[in-house]
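Participant: If you look up TrEMBL, you'll see 76-89, 279-291 marked as NAD(+) binding site. According to TrEMBL, the feature substrate binding site maps to R96, R106, R134, D221. According to TrEMBL, the feature Mg(2+) binding site maps to D221, D245, D249. According to TrEMBL, the domain 'Isopropylmalate dehydrogenase-like' annotation covers 4-350. Among the features that TrEMBL reports, site 'Important for catalysis' is placed at Y141, K189.
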Amino acid sequence: MDKQILILRGDGIGPEIMDQAIRVLQTIGDTFGHSFHLTDGLIGGAAIDEAGTPLPEATIEKAKSSDAVLLGAVGGPKWDQNPSDLRPERGLLGIRKALDLYANLRPVKGFKTLTDASPLKREVIEGSDLLIVRELTGGLYFGRPSERREDGHVVVDTLHYTKTEMTRIIKKAFESAQLRSKKLTSVDKANVLESSKMWREIVEEESKNYPDVTVEHVLVDACAMKLITSPTAFDTIVTENMFGDILSDEASVLTGSLGMLPSASLSESGVGLYEPAHGSAPDIAGENIANPIAMILSTAMMLRHSFHLDAEATAIECAVEQAINNGYHTKDLQVSIGTCLSTTDMTNQIIKHIMKE
Ligand code: NAD
Ligand code: IPM
Ligand code: MN
């Protein structure tokens, strides 16, 4: 198979973890006989520094003509005081919108060997395996107006959704639930928000088209609590943009580290973008200690969702699991046994297992 992939390294640990993902991808190419052609593009702070904008037009064009996009992470203190439209995060939001990546899939599955890496009790997290389906191109992140008014004393952000935007992500979640254990939890704030009331109505309406899926509604505040007190009660979770952002970082605690959580951002028919759920981790950038697993598992998601290379994706996932089962981990995982490795050495272990396949 011949595929064009746009590589967006971004900022902070973005370039470090991307280099590891590329090494893994090259190993998959060599082992399974595929050619992955990589092109670099600018996004985030790196793009601001080089091109004066967080999302150059050339990046969007390259993305649209690629078969998939891999993204590291954007942001950092260097650009934190920039005006809103010159922030690295704008680049990320911009590419999600430009490619209409409305469906963000964030699987949260802990590895048995790492159960004790989580601050939560073993008996609470054992067996937890869930998928957060997050709406990614609407809600508070994109609603207009979003501005500071009246001499800086009044601010407005707008939570805007159309029925069409809600329906497509809800359908996607039902379909995802059908491929898993057919249980869907819809998370909203329908006791307060008008948007959530409509969201809940659409979930009820759509549930008639998926009679094999059991649906429950949970308010977001209660969900935040239940996620860490009874995570095994969840399978597929669907929610709007900002709730999904917050709940997914929280859910990463089940796995022991935010550095373990991959994601896929999908559109209805166009190119998919794959990135870790975490950020650019400026506090550890440049030290070769970042956990590369979220980025590597995002690469596996790309192989599965964009290229339908199931065996290749599984090879990566199994190699990650084997490396972990052999006691290897990075510094972010708080485990007392095993061996703590650098970013590159952790990747070496994963690559070793792929080559043994
Ligand atoms: P963060 O996710 O970058 O980091 C939170 C904490 O988790 C930090 O202590 C960090 O060291 C740790 N961490 C994250 N990923 C890790 C990894 N792979 N290995 C080891 N440790 C890891 O969130 P933050 O500190 O709130 O934000 C930093 C910057 O990243 C901000 O500019 C923010 O806007 C940006 N951000 C970008 C994305 C993205 O590009 N998708 C996502 C979230 C945050
Ligand atoms: C994420 C990040 C982004 C988001 C930021 C950096 C805009 O936190 O991908 O989870 O909130 O979507
Ligand atoms: Mn986030």
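From the backbone N, Cα and C atoms, a Cβ is placed for every residue, glycine too.
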Participant: Give the sequence-ordered list of residues that share a chain with D221 (substrate binding site), lie 6 or more positions from it, and have CB atoms under 8 Å from its CB.
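Facilitator: Once residues fewer than 6 apart are set aside, D221 (substrate binding site) is near K189.
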Participant: Give the distance between the Cα atoms of D249 (Mg(2+) binding site) and A281 (NAD(+) binding site), rounded to the nearest whole Å.
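Facilitator: Taking the Cα atoms only, D249 (Mg(2+) binding site) lies 13 Å from A281 (NAD(+) binding site).
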Participant: Pick out which of the binding-site residues R96, R134 has the most other Cβ atoms within 10 Å of its own Cβ.
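Facilitator: Result of the Cβ crowding comparison: R134.
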Participant: Cα distance, G76 (NAD(+) binding site) to Y141 (site 'Important for catalysis'), nearest Å?
Facilitator: 19
Participant: Please check each of the binding-site residues R96, D221, D245 and report the ones with a CB atom less than 6 Å from an atom of ligand 3, ordered along the sequence.
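Facilitator: Going through R96, D221, D245 in sequence order, those close to ligand 3 turn out to be D245.
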Participant: State the Cα to Cα distance, in Å, between R106 (substrate binding site) and D80 (NAD(+) binding site), rounded to an integer.
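Facilitator: Roughly 26 Å, rounded to the nearest whole number.
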Participant: Quick one: of the binding-site residues D80, D245, A281, which has its CA closest to the CA of R134 (substrate binding site)?
Facilitator: D245
Participant: Taking the recorded positions R96, Y141, D245, A281, which residues show a Cβ-atom distance to ligand 1 below 6 Å?
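Facilitator: Cβ under 6 Å from ligand 1: A281.
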Participant: Which number gives the other C-beta atoms within 10 angstroms of the C-beta of P88 (NAD(+) binding site), all protein chains shown included?
Facilitator: 29
Participant: Using Cβ-Cβ distances, find the residues under 8 Å from I289 (NAD(+) binding site) that belong to the same chain and are at least 6 apart in sequence, listing them in sequence order.
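Facilitator: For I289 (NAD(+) binding site), the qualifying residues are T330, K331, D332, S342, T343.
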Participant: Scan P88, R96, R106, R134, D245, A281 for binding-site residues whose C-beta lands under 6 Å from an atom of ligand 2 and note them, or write none.
Facilitator: D245
Participant: What whole-number Å value do you get for the CA-CA distance of G76 (NAD(+) binding site) and D245 (Mg(2+) binding site)?
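Facilitator: Per the Cα atoms, G76 (NAD(+) binding site) and D245 (Mg(2+) binding site) stand 18 Å apart.
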